[in-house]
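Now, the feature entries from TrEMBL:
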COMPBIAS  382-394  compositional bias 'Basic and acidic residues'
COMPBIAS  404-413  compositional bias 'Basic and acidic residues'
REGION    369-413  region 'Disordered'
TRANSMEM  46-70  transmembrane segment
TRANSMEM  82-101  transmembrane segment
TRANSMEM  113-133  transmembrane segment
TRANSMEM  162-185  transmembrane segment
TRANSMEM  197-217  transmembrane segment
TRANSMEM  238-259  transmembrane segment
TRANSMEM  279-299  transmembrane segment
Amino acid sequence: MNAVLLLARSRHDDDDTSNSNKTTCPLPPTSPEIVPIVGNLTFHSLATIITGACAVFSFLVIAVLVGLHAFNYTNRIQQRQVIRIVLLVPWVSFFCFLTVWQEEAGEYLLGSLDFGCAVALSAFLLLMCDYVLASPDGYHELLEKGMTPSDDTKGKAWFKRAWYMVLQFIPTSLIIWAATCITLATDTYCAASNKPHFAHIWITVFKTLVTTWAVIADLKMYGMQKAVLKPQKMLLKFAAFKGIIGLNALQTFIINILVGAKTLHPTSHLSYDDIRVALPSLILGLEMPLFAILICLAFPASPYYKSHATGDDSDDENNTQVTPAAGPFVAIFEALNITDLLSCFVRGPMRLVKEQQWGIRRQQSWSLASPAAEGGRMKSVRNVEAEERDGERRERRHRRKGSQTREMRRSRG
């Protein structure tokens with residue numbers, strides 16, 4: 001009888017242990033005492049110095065590029081988005097440095113990368129819209145692309161969907177960041193486990209979904225307007241900043257696999273936090289100077305210089321003198337003020353597009369998509385307004401035709 005009771009109790013204890021293992025985050029592997037790796041510097045100290053140096057270099061390169069755009073702020077509609085995109089490099093560099101320097105709190109800082117990428121993706125979508133609007137018949141091309149006579153709402157529906165698919169990344173990235181910090185503070189995150197009991201797997205899946213939606217929407221916009229956007233080398237521009245987050249995700253994934261296979265493990269030079277937190281940020285920080293240079297090549301300021309040459313430099317008639325729309329401080333302030341993006345949640349993307357078109361018409365911006373289309377001269381306000389009226393008339397005719405088609409279908413039915 002006692003043997004039966006002991007056997008039952010043993011099985012009950014085993015079940016409790018199994019359940020406890022399912023709800024307990026695995027303890028990180030211990031490492032021997034850390035010794036210096038170079039001179040008197042430990043890996044953590046050396047990584048902090050290297051990441052800080054790369055961050056300073058990236059800051060300087062991007063500061064020069066932002067300065068060139070800010071002091072030649074001749075097209076505020078487009079350059080505001082350009083400055084927002086290029087500022088992703090110093091943003092990522094700064095948080096990479098903080099993550100390596102304060103690796104104990106590094107997991108609390110990683111969500112900052114997604115927020116910076118969300119703003120850059122939204123600015124990139126708006127920049128593509130600005131390029132299309134600046135092209136001949138751009139308003140009609142942007143808002144009526146894909147419209148069919150049987151359903152006049154299709155042309156604008158895809159545009160709204162694309163906008164909301166990208167814009168959702170800004171608030172959701174903040175929600176993900178906050179959720180990560182809260183679950184870390186309450187010991188329910190557990191990055192070392194993919195069990196559904198912990199928040200890590202759910203946050204990772206959700207972040208992957210919202211990021212994928214935003215990227216697909218940007219690429220869909222490019223595909224729909226490829227004829228206008230291809231001369232702008234938009235794929236190079238997209239890769240120049242999106243590659244930052246993409247590489248970081250890939251590198252972190254590889255490091256996690258190596259850690260899981262115990263190929264990477266704590267040593268006398270590397271602690272567990274060094275491997276899991278500091279190492280991915282160190283690698284990304286080392287790549288930032290390269291991305292800073294690539295960003296400069298993808299988003300040059302030369303098309304916006306005060307003297308914008310549209311033809312032969314020796315022919316004065318083919319050179320358009322452009323006056324800056326605002327000073328450098330205004331340019332930086334407008335780039336940092338993202339209320340125009342956030343306002344889409346309240347007013348909708350169509351209102352923002354109309355404001356962008358009005359701004360382009362007001363500043364008489366030239367078409368960067370095809371600079372020779374108007375013989376090297378900017379369109380006048382009157383010409384742009386005439387094109388807008390023509391587009392509105394075409395839209396009304398399109399709607400009437402769609403209504404007639406639907407009535408014919410109902411009568412046949």
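From the backbone N, Cα and C atoms, a Cβ is placed for every residue, glycine too.
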Top stretch among 46-70, 197-217, 238-259 for CB pairs under 8 A with the transmembrane segment (113-133)? 238-259
In the same chain, who gets a Cβ under 8 Å from the transmembrane segment (82-101) while lying at least 6 residues past its ends? 44, 47-48, 51-52, 54-55, 58-59, 61-63, 65-66, 69-70, 109-110, 112-113, 116-117, 119-120, 123-124, 127, 237, 241, 244, 277-278, 281-282, 284-285, 288, 291-292, 295, 299, 331-332, 335-336, 338
Note: vs the transmembrane segment (46-70), the recorded stretch with the largest number of Cβ pairs under 8 Å from 162-185, 197-217, 238-259, 279-299 is 279-299
Going along the chain, which residues at least six beyond the ends of the transmembrane segment (162-185) come within the CB cut-off of under 8 Å? 107-108, 110-112, 114-115, 117-119, 121-122, 125, 198-200, 203, 206-207, 210-211, 213-214, 216-218, 220-221, 338, 341-342, 344-345, 349
